[in-house]
Amino acid sequence: MARTLRPSPLCPGGGKAQLSSASLLGAGLLLQPPTPPPLLLLLFPLLLFSRLCGALAGPIIVEPHVTAVWGKNVSLKCLIEVNETITQISWEKIHGKSSQTVAVHHPQYGFSVQGEYQGRVLFKNYSLNDATITLHNIGFSDSGKYICKAVTFPLGNAQSSTTVTVLVEPTVSLIKGPDSLIDGGNETVAAICIAATGKPVAHIDWEGDLGEMESTTTSFPNETATIISQYKLFPTRFARGRRITCVVKHPALEKDIRYSFILDIQYAPEVSVTGYDGNWFVGRKGVNLKCNADANPPPFKSVWSRLDGQWPDGLLASDNTLHFVHPLTFNYSGVYICKVTNSLGQRSDQKVIYISDPPTTTTLQPTIQWHPSTADIEDLATEPKKLPFPLSTLATIKDDTIATIIASVVGGALFIVLVSVLAGIFCYRRRRTFRGDYFAKNYIPPSDMQKESQIDVLQQDELDSYPDSVKKENKNPVNNLIRKDYLEEPEKTQWNNVENLNRFERPMDYYEDLKMGMKFVSDEHYDENEDDLVSHVDGSVISRREWYV
């Protein structure tokens, strides 16, 4: 009985599965089968197409893209899933239009590694269905396209490709800036972070928020690059001991690289003198002054001195402390200066020391105990008991009495002066005020005013601007301008007219010895009738007999 050959056309979607020409040639040597019916001839290509596609569609599984790190190892995965017999598996690398065999696994002859890959390529296991290899010590030349190929019988070859990208892990370092950080100086490079020969170029960032970064990048022919980042700041002594951190990020790194740097700010000494509590008195012992200095670099010299240039006995300078060996006396009063020096300069501080009188102490007199005498039972001899009384108390009481007397005298004198001043002010204010009261009697208007309001009509007595006393003294004829014939003149119809705007114009009597338009009348006109006038603070004189609105 003859075998039926299954032809091998290419399957859609299975472009990476190929059949060798030798299998087709071998198939042509077989006996021809009987001629099938016409319906079978039409269905045969479809059945054969379905058979091949089901057998070879996606038979090799690989990772399309693999990232390798220079100098390290990488695994290239290749799993073969076919039902046919696998006669050989191999790895090839594409170089342009040609390929180079990397490694071969034959079920009968074993493993074989070609050329430059010897000693660097190993198959993961001995199974023909797993062609995964490990490539050791990755170099730049290992990047490119690799093909995993499987040879089956009788269907031929099947293959899939993967692309290897070689990354170079950067070499990271952190160094101190070239210049020292001096307090108050210009902007200075504090630290330099370098990520050298990375592929691709690394990314550098800084943590610290004390300054700003400045980066430069240099590229090389092997596609690597070096980045240098400088951290700049304005130095200040308060930033001493602060931490800044360089953070390097790169795809070849499993995690970010972080390098920290402690700022070392140099500054001149900051000096302060302590130890004086303000209660140094004559006779006090065990006191000292201490010179505190904060400097970077540390100070190498401390010197004590006095502002007046004197140096009393009993002063001992040891390191940064000035000891007062002897009990204090008034000679130790003065201004003490401490000068501290380091490589950046000299600073000083001073302290004013005042030695006061010793505090008042109470000394008890020795007392004699009372001893009863038993020599004679009838006459008991005793000594008077002396009560303890401090000697200094009498002086204190005397001083307090004198001080009390002096304070009383001074206080009494001040009180008398104060009372005198207040009395003078009161009298002065009273003299400046008016001498009397306004005329406050109830005013009874004339009978004619009770009948009809004539508030806008001037009365005859209101036209007299001066009292009778003034008129009698002057003895001048009164020139009364208000005449009957004058009021009757037709051109003077505005006089005493209520509806006229000029109704308030009032004629005045004329006196020869007085000037018209005087604002005030002198006091000599009121000698005989002084009580009728009132003098005000502003200097004006008001008559009691007048009514004012």
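The backbone N, Cα and C atoms fix where each Cβ goes, and this holds for glycine too.
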Choosing among Cys193, Cys291, which residue does Swiss-Prot name as bonded to Cys246 by a disulfide?
-> Cys193
Among Cys338, Cys427, which cysteine is annotated in Swiss-Prot as forming a disulphide with Cys291?
-> Cys338
Per Swiss-Prot, the disulfide partner of Cys78, chosen from Cys148, Cys427 | Cys148
Same-chain residues at least 6 beyond the ends of the transmembrane segment (405-425) with a Cβ under 8 Å from one of its Cβ atoms are none
From recorded positions Asn83, Cys148, Asn222, Asn331, Cys338, the one whose Cα lies nearest Cys193 (disulfide bond) = Asn222
In sequence order, what residues of the same chain, 6+ apart, have a Cβ less than 8 Å from the Cβ of Asn222 (N-linked glycosylation site)?
-> Phe140, Lys199
What is the three-state DSSP composition of the domain 'Ig-like C2-type 1' (170-258), stated as helix, strand and coil residue counts?
-> 3 helix, 51 strand, 35 coil
Asn331 (N-linked glycosylation site) in three-state DSSP notation | helix
DSSP three-state call for Asn73 (N-linked glycosylation site): helix, strand or coil?
-> coil
Say you check the Cα of Cys246 (disulfide bond) against those of the recorded positions Asn73, Cys78, Asn83, Asn331, Cys338; which is nearest?
-> Asn73
